[in-house]
Structure formats: structure tokens, C-alpha cells
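Asker: Before we start, here is the structure in question, set down as C-alpha cells.
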Amino acid sequence: MESRWRKAKMSLGLNLCVYVPRTLEGDDAGSPNTGSSTAALVSPVASSSSTATSANTTPTAASAEQSNGKVKGGAGALMPTTPTPTSAGLRLSKSGNKSFKKTCAICLTTMKPGQGHALFTAECSHTFHFHCISANVKHGSSSCPVCRIKWKELPFRGPLAAESPQGNGRINPVNGHQNGGHMTILRPLPRARSSGRLHHLAALLPDTGPSTFNDDEPLDLLSEATEDPQQGCLRTVEIKTYPEFTEVPENMSERNFTILIHLKAPLAQNLQKPSNLGDGNGLNTTRAPVDLITVLDVSGSMAGTKLALLKRAMGFVIQNLGSSDRLSVIAFSSSARRLFPLRRMTESGRQQSLLAVNSLTSNGGTNIAEGLRKGSKVIEERQAKNPVCSIILLSDGQDTYTVSPTAGVHKAAPEYCVLLPSTNGNQQVPVHVFGFGADHDSVSLHSISQTSGGTFSFIETEAAIQDAFAQCIGGLLSVVVQGLHVKVESLHPDVHFGSIRSGSYSSRIADDKRNGSIDVGDLYAEEERDFLVSVNVPPGYGETALLKVGCVYRDPLMKETVNMADVQVKISRPAFVSLQSMSIEVDRQKNRLHAAEVIAEARFTAERGDLSNAVSLLEDCRRMIMGSASGQSGDRLCQALDAELKEMQDRMANRQRYEASGRAYVLSGLSSHSWQRATARGDSTDSESLIQSYQTSSMVDMLLRSQTLSRSSTPRPTPQMRHAKSFPARPQPR
């Protein structure tokens, strides 16, 4: 009898089979008869005349045959198995149920028949919970998470219609019901060989998504319509000005007189009522919702702890987005794929996103350009738009597809520039880039961030990835100003502008030298910006009005344009000045800009191989800063600059250390100073120094939340958090 049964099964020519318990009308769910199980044998060949049979067997007999692609029912009985031509030569287990008492490699929980979960054994003989492996397949994985073997047949769970890609063969259970909980097997059609250059690796991520990305989830219009219009009344930018000297003798002229323009964004407005703009943890604030696209490196070098920590960091991001925020995830290795479209982070949206992120596996090369292209495509083709939009890009390796491996100080990335999201009007979509570990391409990644108006962060240790993400989204979730445009105008016919020192922000001076402007862009809550304007001062009597400063910006929450009143800069003109005292505020900003210039020069020198000269440049800058008026007064920013320059000197001690971490540390510092925005910068800063001088309260709060979740005990505050708000109070302008 057994021989006939074996021949009948072999005649089906199966490579993979599924057994679905037959549900009979009138069955007693509580029947104590669990000694046998009725099952349907379903052929994986998609055909309208699929052959089916059924058999009764005991759990012991069912577990004795190790066949390819088997599914064992989890309703208290073990499903029968079918030997296949590829598994006929395998040694059969004689241990009965004991052979299945192992751990699922995906969820890390015990797999044991009778626990209410179906089990799936792949053609490579590795076993998983069916719901775990079907989730992996649903989100694009087509290989074994353990041995990385490419599967010929794929498990799938879900409704039969709608979700099945056209052209895929699908197994339908005999007498199956459309209840959304059945098990099916997908046999994907072979993909056409893609054209293009540098496809030299075989481990390609499948890209079965749509050709256009206009399938984003609609916005939460209800929450926008119910916003309190009074919330925008207090959301104004603060403008302050500081002349280099408040008094200049009446008969004296100055050719290079410096004026500091200081801007500060308003606070984030807290709410005392429920809001869909919260952060997912009960902290409700009035803020603009965000469209966030994360572009994640899942190449072979991300395997193991790196990928696990990346998943944890993404879980933190997902849990801290509000229900009006939208998220899309792009994963790239040798190619790139979109895990899911822009999706609102409601409760169900979070769960689906977490499931998709947890299904990520690592293999293949590093194609940063393709990942960036798909991320930009999501932004450009979305049907609806939240007020704030940004891309987060993370990579731990060199781009093996797009950019020449030749590195150097002149290595630009024109290939990446054309892949950045196109902008409408003056609104730019920043790409905040994270270089992970010692092997990433810091030059190319820094170039991407600079071109897009984003920041470049250096994540030196694996455990710091979640904190780095937390700091970034702490800022993105607190945008209160967009499209900030600063205007300066001369108030005296003989006062002309010499220069505007604005870092990476675009600035212009009119041909007549009497008008200028700075394009600042977006500001996070409480963020500050400082710009130095130089003018000439003619002789005068009594008082001289030099210039006026105004700004215009858009409130992203109220969707209104705000014009700030002009602030005038005047100086006294006495006949005689006994002692001129330079403004500490002006001096400290001169030190910051000078330090940034020296850092750039030192990096250029180091790239040419002259590390000793680069270290000398940094040492001279340290002496100049600490010998200045603000340095002598114990200014915290000057102390922070000194500690940062010293850290850069240490990382330029030799070529090996500079290549491993020095270059990335220097570039992240340049990014931070040029945009006046906090970045992650390694992990060896002086514990008594304020390296992160640009952090905001929102960033610090999100960092604390991340560290609280990462540690069972109270987190030890980092140097960045300890001193984030330790600036001395700014003196009021006279």
C-alpha cells in the first residue's frame, strides 16, 4: 500500500507542494479527535485542471519525510509530506516530531507542531514559520534567509486576487475558502536580463514594483482642516543684529566693518489635545507633517549586526512618525527596489512598514545611484505632497556601479547630481546622508548631501546608528520655517556691501553694492543661523544708519507667507572714543567661519599626502581661536572648536587612520559648520566639549528617547546632549 502511495505522489512530478487542512461544513471545532488530519494535496503547476487527492496520516508518519517545499499545519496536527525527485535521496528522519523542535530563523521563536502556526520547509531543507517566510516573500525576498539559495517556488500568504502579479503561477487550495488566511505558493516567471553597464554581480534584488510611483497614500486632509488658526500667531522668526563696534569716531572711516545677522526660529507649539501630528508616542505637537523616503544599503557588507541594528533604527523612526507623516523605504544593493509606496504612519501603516523592514536581507554589491534614483522618483511622482519632504540615505561601502573607484580630493559626483529630486520653485528636497563604518565612500556621500542641501553624518560605531537617525528625524519633525529669504539694504548713500559670509547658503550682492540677499531655506524649531556682512563706514556725526535687515518665509503649518519687519543697524559717532570693544558675538562667529575655512584647507592638504602640514594648519587655527577676545573670555563655542580641531589632528596622525576615519570625520564637520546644523561625527569627542553646537531641543529630546529605548538602565548622557544648551546668554544689541 505504501509503495502505491509513493508512486502516486511521484507521478505528479512535484518540486513543491502545499497541504491545506480541509474544512468541512458542520465539523466540530472542539472535536477531541486529533489523531489524524484530512489534507488536500495541491499541485504547484498553475493549471485549470490541477490534480488533487487527499490522505489521512499520523503526525509521526508525516514528519518522517523531508521533502522540498512542504508546509505542516499548525492546527494541532502535522501535515503529510511528499517526496520529490530532488529529495528522494535524502536520509529520512526517524525522530518524529523531535526533528521539528528548532528555531525559526526570522522571528527567533521555537517551531513546534501543535502551537497553532503552520511550518514551511523550503527546497533547501530550512524550515520557517509560514507567516514569517510569506511576509519575506511578499516584500521582495526570493532566497533563503539562512543559506541565501535562490528559490524556484515562493511561499505567499494573502488573498488570491488583487495581490498576485500578472504572469505568476499560483497554487490554489482544493476546496479553499476566500478568507485571506490561506497558504499559497508563487512560482515567479524568469525575469528578462536587464541591460546596462556594470551588471557583473549575480546577486540582484528583484524589482517587481510598478514603473511609476504615483500610488502614494492620500494625505490626512481631516487633520489639516481642523488645525487651530491661532497657532500661527506666535510662530515668527527672531532677527537680531550685532555691529562689530557700537561706536566709531565721527571723523574716521572703516573699509571692512563687520555686522552679524542672527536669526532664530520659533519654538514648536505644544498641544493639550489629541493630534494626528504627534510622534507616535503620545507627544503631540503642532507641526508640519513629513514625507520621508529612506534609501538603505542592504549590500553583502551589511550582513549580520549591521543589518540588525539598521532594522532596529528604522523601527525607531517608524514608531516616532505621526499618523499624518508618510514613509517609503528603498533598499539597494546591486540594484534597488521600493519596499512600499509612501504610506501614512497610522497604526496599521506602522505595522506593515515594520514587517517590510524586518524582511530585509543583505547581498550583492553597492549601487548608490540606483537607490538614489528610485528615492527621487518616489518624490517626483507622488500625487499628494506633505509640507516637509526629505530623503535619508545610508551606505556602508563604495559605490561599485556608478562612480570610478579612483578617490581624491577632486572627486566630485556629477553622476549623483542629476539623480537628485527635481525642485519646484525654490523648495529643495534635502538628502541627509549617513556614512556607516570605515569603508564607506565619504567623498561621494558628502557631495550628495552638499548638492541637495542636506547634511553628511559619520556613524563610526554600529551601535550609534539609531542615535544618528534619532537626531536627524528630531529635526525633520520640527520644521517651522520654509523658504526663508533674508534681505539686506543699505540705508546710507555712501555705505556699500563688501561681502556676505554665509557658508553653504546661497548669497548675492547687487551690482550697485547697496542690496544683498541670503537664501536660508528650512529651519527646525529653535534653530539659529548666523551670517557676517561686511560694509564700509563713511565719516559721520551723531549717528549713522548703516543698513536694514528683513526676511520673508513660509509657515509650513499655516501655509501662509510671513513678512518680518525690518531691523535697522545703527552706530554712534562720538567725537572721540577712548576704547573700542569688539562684540563677542561677532568675534565668535568670525572664529567659527575661520575654523571651517582652515578645516577645508587642511583636508585638501591631507588628500595630497602632506598630513604633517595639515596638522600644523589645524594647530595654528587652535592658537588663533583661543587667543581671540571670545576665546579669552571662555566662550563655549570657541572651546568646542578647539576640541574639534584637536580631534581632527589626532585622526590625521597617519595615513591609515586618516583613511579609516579622519576623512569622514572632517567631512561631517565641514557639513555641520557650512549648514550650521548638527551632524553625527564619530564617537571620540572630548567629553567636556560642546562638539554638537547646533543641536536643538527637538534633536536632544529624540536622542534621549532613542537612548532610553536602547538601554535597560538610564542612559549616560553623551557630550552632545550634556552641553547642547550650554551657550552663554547672548548679549542684547545696543
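Any Cβ shown, glycine's included, is placed from N, Cα and C.
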Asker: Would you mind telling me which of 163-188, 709-734 TrEMBL tags as region 'Disordered'?
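Answerer: Checked against TrEMBL: region 'Disordered' maps to 709-734.
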Asker: Compute the average pLDDT of the predicted model within the domain 'RING-type' (104-148).
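Answerer: Value for the domain 'RING-type' (104-148), mean pLDDT as a whole number: 75.
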Asker: With DSSP as the reference, give the number of residues of the domain 'RING-type' (104-148) in helix, strand and coil.
Answerer: 9 helix, 9 strand, 27 coil
